[in-house]
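Everything on this sheet refers to the single structure shown next.
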Amino acid sequence: MEIAVGKGFLVLTLSGSSFHGKSIRKTCASLKGFNWTSARKGHSLTPCTTLVQAHQRPTWLPGLDPPPHLDGTLAGDFGFDPLGLGEDPESLRWYVQAELVHARFAMAGVAGILLTDLLRVTGIRDLPVWYEAGATKFNFASTTTLLIIQLLLMGFVETKRYMDFLDPGSQAKPGSFFGLEAALEGLEPGYPGGPLLNPLGIGKDIKNAKDWKLKEIKNGRLAMVAMLGIFVQASVTHVGPIDNLIEHLSNPWHKTILQTIAASSS
């Protein structure tokens, strides 16, 4: 949006600067049919006006100009890169995919931890607390067998994802996955599609699904923060998140994070 002061002026941009998320451009103008240069002998009387161009894009810190490599085209881009990690375009492309994968794992992890902890605390199911679940023994297979199967399956999926990252669309070509390519066809790198991975057809037009992408990455970032909180909470209190919540609600003014940390350090 540009606002120009003056009436009947032909605006010519001469210089520019910016502050607090606004682009301020000083411009000089000449009135039609009037020779400003000859108005006074030996002087150039060129009237100047100021154009204010306000950026409508929100940033993580209001009033802060985002770095040039974060131009707002990425989903969830609020100009946050204090270390300049994304200045290299190829690195930025990789970081985008890495954040997306970690966000999805965090969302699945938080949901799984809260659900199983709720079932455990209410007595509906006899389940271990989440940080001890990995030591659980199963009758149908040994721990070694389960580990090998997980490594094979996860390794296969991650290899396919990495290959699609290097050559977008290559994993949807005929013959690349036993004739099942149509069922797993990706919409673009990081966004798998098809009836198996997108049965509801949400965001099918991935190029115009910016709102869906924004919602996903926002929830994913919140989940990553939540996972960090769950890790720290378990390390300090040695119980699950539902137990921590119940204890806090039993005495909200005296069972807080500050009292918990103080008690654990004493």
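Using the three backbone atoms N, Cα and C, a Cβ is placed for every residue, glycine included.
TrEMBL entries are annotated by machine, without manual review.
Database features (TrEMBL):
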type	residues	note
BINDING	Glu99, His102, Lys215, Asn219, Arg221, Gln233, His248	chlorophyll a 1 binding site
BINDING	Arg104, Leu184	chlorophyll b binding site
BINDING	Glu216	chlorophyll a 5 binding site
How many other Cβ atoms are found within 10 Å of the Cβ atom of Gln233 (chlorophyll a 1 binding site), counting all protein chains shown?
18
Counting only residues 6+ away in sequence within the same chain, which have a CB under 8 Å from the CB of His102 (chlorophyll a 1 binding site)?
Gly220, Met224
About how far apart, in whole Å, are the alpha carbons (Cα) of Lys215 (chlorophyll a 1 binding site) and Arg104 (chlorophyll b binding site)?
12
Give me the Cα-Cα distance between Arg221 (chlorophyll a 1 binding site) and Arg104 (chlorophyll b binding site), rounded to a whole Å.
9
Hey, what's the widest CA-to-CA gap across Glu99, His102, Lys215, Asn219, Arg221, Gln233, His248, the chlorophyll a 1 contacts in the record, in Å?
32
Cα within 10 Å of Glu216 (chlorophyll a 5 binding site) - qualifying binding-site residues among Glu99, Arg104, His248:
Arg104
